Amino acid sequence: MSGGDGRGHNTGAHSTSGNINGGPTGLGVGGGASDGSGWSSENNPWGGGSGSGIHWGGGSGHGNGGGNGNSGGGSGTGGNLSAVAAPVAFGFPALSTPGAGGLAVSISAGALSAAIADIMAALKGPFKFGLWGVALYGVLPSQIAKDDPNMMSKIVTSLPADDITESPVSSLPLDKATVNVNVRVVDDVKDERQNISVVSGVPMSVPVVDAKPTERPGVFTASIPGAPVLNISVNNSTPEVQTLSPGVTNNTDKDVRPAGFTQGGNTRDAVIRFPKDSGHNAVYVSVSDVLSPDQVKQRQDEENRRQQEWDATHPVEAAERNYERARAELNQANEDVARNQERQAKAVQVYNSRKSELDAANKTLADAIAEIKQFNRFAHDPMAGGHRMWQMAGLKAQRAQTDVNNKQAAFDAAAKEKSDADAALSAAQERRKQKENKEKDAKDKLDKESKRNKPGKATGKGKPVGDKWLDDAGKDSGAPIPDRIADKLRDKEFKNFDDFRKKFWEEVSKDPDLSKQFKGSNKTNIQKGKAPFARKKDQVGGRERFELHHDKPISQDGGVYDMNNIRVTTPKRHIDIHRGK
């Protein structure tokens, strides 16, 4: 894995405020859709703006940026509801197609479903590495998309505002522009599919907008920055049936995982505050664009690119993040096994009980049949005293047979449940075994990557270099460590790899033949133990300086301080190496 170059431009892995390589906070996933990442419609190669390409990332501040307490939509008079209002229950995404007057939604402000409440509780953390989330729903654009992207349905999700804000919305000043929230509902991409996810883990804020009454009783308008005008009606009851819209599917795998670098890129959200005399509590509303398959692929490519770049310069943090995720998955697998063990134990108990009941019923039937045989000689002699006994025995047998049939059906159902429970437990145990192996591999990799943060002694001889030493930094595996620098550093102890990096550039600055290859600020940089700047064409985003790369990854037992294993690369070449180019 990469040794990176310094830490000054790569810090923030454990911070919720520092930017990384021009990316979002922490892991590149903090701060929401508009996190100062520098990725916006202006520098997005696929265009931007609502309904015209992809516009993930970018903007300023958290959430949607902007917005103010008086930014409720429209003139407060029309309330055009020519489109059928999409019913929106708390926590359930609904499709709404823009009409001439914007999006029409009818929010059912009843109780939040237990499933959504449990997920929000699970996301209270604490979490490392910035923003984490749970993908609740998947989006199937082929069932939603329209020919005109401006008329494509939006996915609208709502939550009770007071459930996600740090302070009651009713207590906010009327001119309050934003409010801090604990969770947001955003879109993200994974495995080339767009998802609607709940995210949490870093400080976030969203605009507060005021809903304005219209001429239609009970209908309000509100404008979320960057989204179509909302025409909202609210009722305080929960729909009897909470079903997903066509094209939106429930994700059965609800693992808590790091949110993506482009999470929230096609989502605009806000807290909507209603007039006091309306009797309605404030609601949080999230509006996400439905991406076409091509747009999803483009965004997934961008997500993968940014993930690779981050991993290349943060190998220890990446390994720790993967270990934390593997451990969380193992914990969930253990819980799954425990649930299935409980189910299987109950199934066995019921199975044994039903079997005992069936055995008893069969014995009763057998006794009745034996009694029939005992009086069978009187069957054809109605005048005989035993004939009545024969009839009674037959009636007993008939009733016993009915009971056996019922007990057999109950036993069969119990046997099926036991079989299903056995299979479910076996599958859960197999999944746990896979998660155990994954957790072990992640722990091993973390232990190896963490070696760069531990003391070590420099080894290796390096290689002879000429007066154009760093010309090779942008080629193949990079430029070698000069042999005369290796002679200076060999057998010396270093606190960590950052310490080695600093001493390496200091020694380069002391070498007359090598130092004369640097001019101006770069000469000053290496004298201070800082990496020199690469040429503009070899820089990528916030990565501007030459970097040290381990030819054999540390995760594969490559020597951390083995100077035969260390190369000097440009940022651009370093990224390409880790992409396998």
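Start at 1 and count along the chain as shown; that gives each residue its number.
Positions of Cβ are set from backbone N, Cα and C atoms, glycine also.
Not measured: the values here are computed from a predicted model.
Here Swiss-Prot flags 1-74 (among others) as region 'Disordered'.
Residues annotated as compositional bias 'Gly residues' in Swiss-Prot: 20-35 (among others).
Taken from Swiss-Prot, the feature compositional bias 'Low complexity' applies to 36-45.
Annotation comment: Swiss-Prot describes 46-74 (among others) as compositional bias 'Gly residues'.
As annotated by Swiss-Prot, region 'Disordered' applies to 242-269 (among others).
Annotation comment: Swiss-Prot describes 293-320 (among others) as region 'Disordered'.
If you look up Swiss-Prot, you'll see 296-320 (among others) marked as compositional bias 'Basic and acidic residues'. Note: the compositional bias 'Basic and acidic residues' (296-320) comprises 24 helix, 0 strand, 1 coil (DSSP; helix = H, G, I, strand = E, B).
Residues annotated as region 'Disordered' in Swiss-Prot: 421-488 (among others).
The compositional bias 'Basic and acidic residues' feature in Swiss-Prot is assigned to 429-452 (among others). Helix, strand and coil residue tallies for the compositional bias 'Basic and acidic residues' (429-452), in that order: 24 helix, 0 strand, 0 coil [DSSP].
Among the features that Swiss-Prot reports, compositional bias 'Basic and acidic residues' is placed at 464-475 (among others).
The region 'Disordered' annotation in Swiss-Prot covers 513-566 (among others).
Under the heading compositional bias 'Basic and acidic residues', Swiss-Prot lists 535-554 (among others).
Annotated Zn(2+) binding site per Swiss-Prot: H549, H574, H578, in sequence order.
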Within 10 Å of the Cβ of H549 (Zn(2+) binding site), how many other Cβ atoms can you find? Include all protein chains, please. 25
For the binding-site residues H574, H578, the largest set of other C-beta atoms within 10 Å encircles the C-beta of H574
List the helix, strand and coil residue totals of the region 'Disordered' (421-488) as derived from DSSP. 45 helix, 7 strand, 16 coil
Going by DSSP, give the three-state secondary structure for H549 (Zn(2+) binding site). strand
